[in-house]
Amino acid sequence: MSGTVGTAICLLRCDLRAHDNQVLHWAQHNADFVVPLYCFDPRHYLDTHCYNWPKTGPHRLRFLLESVKDLRETLKKKGSTLVVRKGKPEDVVCDLITQLGSVTAVVFHEEATQEELDVEKGLCQVCRQHGVKVQTFWGSTLYHRDDLPFRPIDRLPDVYTHFRKALESGARVRPTLRMADQLKPLAPGLQEGTIPTMEDFGQKDPVTDPRTAFPCSGGETQALMRLQYYFWDTNLVASYKETRNGLVGMDYSTKFAPWLALGCISPRYIYEQIQKYERERTANQSTYWVLFELLWRDYFRFVALKYGRRIFSIRGLQSKEIPWKKDLQLFSCWKEGKTGVPFVDANMRELSATGFMSNRGRQNVASFLTKDLGLDWRMGAEWFEYLLVDYDVCSNYGNWLYSAGIGNDPRENRKFNMIKQGLDYDGNGDYVRLWVPELQGIKGADIHTPWALSSAALSQAGVTLGETYPQPVVTAPEWSRHIHQRPGGSPHPRGRRGPAQHKDRGIDFYFSRKKDAC
């Protein structure tokens, strides 16, 4: 730098970490004073666009508050702190520029969707008016936007497999950044500000349900501990592909998603740890599959860059005219877990109670809402936005478009069979029993189709349909093939020993490439 004293404001949004953070890294090398800043933007706590559910529910809000608190503690250990304000980022930054008088740069990571881009536009206007430099970076994905083999972004393939193959054969992941042990100090006289509470947002701290599959706290510290546990302490990552479709407990999947959504952990750091694990322990289909899932996350973010506002359109990416229903009574049955279809209800009750749902569950309840009930997919997308602890705008809307058949799914009219899925992934009904206790008296796989049981069997189980548990709001004709079937009685028995292993194109290529690189 020149001899002038300069202050860099580092606006942090979905990058709440001290490791591999290019915003903090740049400021450290280009300013005398560094102001890490987080703004609680009031627009994030309004209602959703179409159906007016709250945008941020209690589970995610608590996780966010924990993450902000944790980052402040981490930065304090590095000689800095996290400045916290309530207000629109563009207004807060404007006030700080005026207050400090020494701001030479405002630094932030770029985002992909409209509301976030509007904030960036406002920040640029403020900085232009005050003669302050704007420095931006791309840091939310595994593969950098500028390293994609598709330039411009309009050339991004509309099928994930084509995207994945192109990246695996012709792109590299950039290395993580080495961060300074001590950060530059805050500008003199600047108050760090108080971190708000749940009550400040008019919300109550949710009670942790003992059945939850995600009993974790927010923040970078917990994220790094989770990776240490899942990779190095237990070797669970080496069996991820076999367990990832589980439903009960903490250890069937990585559970990285909530921390990734807020940027508490860097996808590039996960990648480097996978590479290290493969060198030092084992490389197999499971270690590859963690990267495969990270690539899906990348893909939906790049799809959002390509299509812009269209990811929120009722017609989707394919501009399909589908006569979606907007039946609020039917929707209430879905969101409250009272559809009368136990596998759906168990998943929806878990979401409501904990803010979390397995990947398998999400695919099923989305298919049920859009394909069996025929409801507007945006009702489901906005409900997930409200409740999910790991809500990520690009992944959420990308997945809902996919499920609704108007996104990036190359298969026409993909529809999940709720009964077959229940038998395949919850063959003995233990997951349903956990979340739908009124059906606990029904033994084994029969719990998935209580309406098909005799009056005597229901009576013996203490179940009265229409009173203690609902009649199904809909029954699909294809379900009948699986009624009274036991896991193992179908040509594809998966209920007791996990999901069937399909041939995974790409895995053989991945390992042959690694071998060549050695």
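Please read every residue number as a count from 1 along the shown chain.
Keep in mind that glycine also has a Cβ here, set from the backbone N, Cα and C atoms.
Per TrEMBL, the feature domain 'Photolyase/cryptochrome alpha/beta' maps to 6-142. The average per-residue pLDDT of the prediction over the domain 'Photolyase/cryptochrome alpha/beta' (6-142) is 98, rounded to a whole number.
The FAD binding site annotation in TrEMBL covers Tyr240, Asp390, Tyr391, Asp392. Residues within less than 8 Å, Cβ to Cβ, of Tyr391 (FAD binding site) and separated from it by at least 6 positions along the same chain comprise Arg60, Ala261, Phe384, Glu385.
The Cβ neighbour count for Trp324 (site 'Electron transfer via tryptophanyl radical'), using a 10 Å radius over every protein chain in view, is 17. As annotated by TrEMBL, site 'Electron transfer via tryptophanyl radical' applies to Trp324 (among others).
Same-chain residues at least 6 positions away in sequence with a Cβ under 8 Å from that of Trp377 (site 'Electron transfer via tryptophanyl radical') are, in sequence order, Ile314, Gly316, Trp324, Ala366, Leu369, Thr370, Trp400, Leu401, Ser403, Ala404, Ile406. Marked as site 'Electron transfer via tryptophanyl radical' by TrEMBL: Trp377 (among others).
The site 'Electron transfer via tryptophanyl radical' feature in TrEMBL is assigned to Trp400 (among others).
Summarising the annotation, TrEMBL assigns region 'Disordered' to 480-506.
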Cβ neighbour count (within 10 Å, all chains shown) around Asp392 (FAD binding site): 21
For the recorded positions Tyr240, Trp400, the one whose C-beta sees the most other C-beta atoms within 10 angstroms: Trp400
